[in-house]
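These notes concern the structure reproduced below.
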Amino acid sequence: MTRPRPVVLIIMDGWGIAPPGPGNAADLADTPHVDAWMANCPFTTLGASGLDVGLPEGQIGNSEVGHLNIGAGFVVYQELTRISKAIADGDFFTNPVLLQAIEHVKQRNSALHLMGLFGPGGVHAHEDHLHALLELAHRHHLQRVYLHLFLDGRDVLPRSALGFLDTLEGVIARLGVGTIATVSGRYYAMDRDKRWERTGRAYAALVDGVGEKAPSARAAIEASYARDVSDEFVLPTVIVTASGEPTATVRDGDAVIFTNFRPDRGRQLTRAFVDPDLNERIRQHYERQKAEGQPLPATIWQRERQLRDLCFVTMTQYEEGLPVLVAFPPRYVTNPLAAVISQAGLRQFHIAETEKYPHVTFFLNGGREEPFPGEDRQLIPSPKVATYDLKPEMSAPEVTEALLAAIDSDQYDFIVVNYANPDMVGHTGSIPAVIKACEAVDAGLARVVPAILERGGVALVIADHGNAEQMIDPETGGPHTAHTTNPAPCFLIGGAGYGKDAIELRHGGRLADVAPTLLELLELEPSPDMTGQSLIVRRA
């Protein structure tokens, strides 16, 4: 049988598998093409959370972890598990980079600032790591330790911060160290889409003590709830003393430890602190936006001055070349899927819109920034809207057009595309919008799959984790905006020789089995470190 060309991996981001129900937007959506392929083509489900992707048991999956496992071809030991294991083993408390930050403030009699996403969400950060840093500060008898909490409400319930605050206040009371200085919704502190006006508001609270004011973190959160503002969108708020002064701000000579272990939403705020060329970078970004006819914010934020003698530690590497210290440096996947394809002399094409572009490039390629030889990439800009329920189709039509052009060019042996809609719209909690998001993906695939088949190619359609299939929280009955532990779909669409009569996809698989499956379709041998197994079982 002739090798199929192109082999296309289609990732329906956040489209998990769950029983039908009023909160299963993926099932409620009118998706005749996806429904037919799931019913009539070789189909299975894949483990996409917990131990299946190198996370703690029961931990929800996410896009970074998912794409890393998909590309690696083996279960990748995730940073959450890696850091938590270091805490359990005691290695965390002798980490040389963390100790360097401790020594920095001791020598200068300055302050240590701990900032990051707050709570047990486990996608970007985990409260256990913050608690361990407080324990470290306690062991070294630090007095001036300030916390800057970025409220979640997305990977956890929308209004869950007060419960996490109870836990944190208990830890602070037990250890006798730590004072909360600011709180901010992740919408501001963790923007990743170059909306610098949001980052600027978070930075102003952290460094200048400018923003909303509240006498305590609890008061700040309760005031936001009273205005019907959930955790994710809490305005950057400065906790003030009885005299109205900021409890603490980040100053020259201080040390900062950014507790996020996932890179993508930590980069922008980190740049605000450490990038010497920040203002020029921001200016050029908005000049490009203006030239492209895109709307500009009412005011363009610029950093007034860069802090001096600042020891800035990130828990993991957020980006190559950032002038920071890294507590847990990367351990690269050396031979990911893209490398094997490149080494075979084949051409490949990676495409997604902005929100998922790092996932089909950096994460899929094992943490490598640069493309491999023979690898082309295309970034489709995500729409500039406040939240994606306002435009649930996002940029799926534009992704589809560019993908069709790549298929029609007949240049590529392998193509990977990510449709961001089910996940990004899923995070808004709006069931009608998520239904439209899933329908937008179905409409795109209705055009893409026939083009693949016409050229003698095959499509392997998967998800990287669940989200859209569970929009109602089973405990509260309210909106569920987080990822899930549900399995991901996996189905193979091809011509003669690839139907149910010739092939089945084995059960019990996980995301790490996707790369070996694709390499079998490409008639290539997996790299020696790929311990995943092809899902394809050929019938006799």
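The chain as shown is numbered from 1 upward.
Glycine too: its Cβ is placed from the backbone N, Cα and C atoms.
Values in this document were obtained by computation on a predicted structure and should not be read as measured data.
Counted within 10 Å of its Cβ, the other Cβ atoms near Asp13 (Mn(2+) 2 binding site) come to 28, all protein chains included. Taken from Swiss-Prot, the feature Mn(2+) 2 binding site applies to Asp13, Ser63, Asp464, His465, supported by sequence analysis.
Per Swiss-Prot, the feature active site, phosphoserine intermediate maps to Ser63. Counting every protein chain shown, the number of other Cβ atoms lying within 10 Å of the Cβ of Ser63 (Mn(2+) 2 binding site) is 28.
All protein chains included, His124 (substrate binding site) registers 25 other Cβ atoms within 10 Å of its own Cβ. According to Swiss-Prot, the feature substrate binding site maps to His124, Arg154, Asp155, Arg186, Arg192, Arg262, Pro263, Asp264, Arg265, Lys356.
Per Swiss-Prot, Mn(2+) 1 binding site is recorded for Asp423, His427, His483, and the stated evidence type is sequence analysis. With a 10 A radius on its CB, His483 (Mn(2+) 1 binding site) counts 30 other CB atoms from all the protein chains.
Put simply, of the binding-site residues His124, Asp155, Arg265, Asp464, His465, the one whose Cα is nearest the Cα of His427 (Mn(2+) 1 binding site) is Asp155. For Arg192 (substrate binding site), the number of other Cβ atoms no farther than 10 Å from its own Cβ, over all displayed protein chains, is 16.
Residues Asp13, Ser63, Asp464, His465 make up the record's Mn(2+) 2 site, and a Cβ search at 8 Å around their centroid adds Ile11, Gly14, Ala48, Gly61, Asn62, Gly66, His67, Lys356, His359, Asn418, Asp423, Ala463, Asn467, His483 from the same chain. All protein chains considered, the CB of His427 (Mn(2+) 1 binding site) has 22 other CB atoms within 10 Å. Distance between Cα atoms for Pro263 (substrate binding site) and Asp13 (Mn(2+) 2 binding site): 19 Å, as a whole number.
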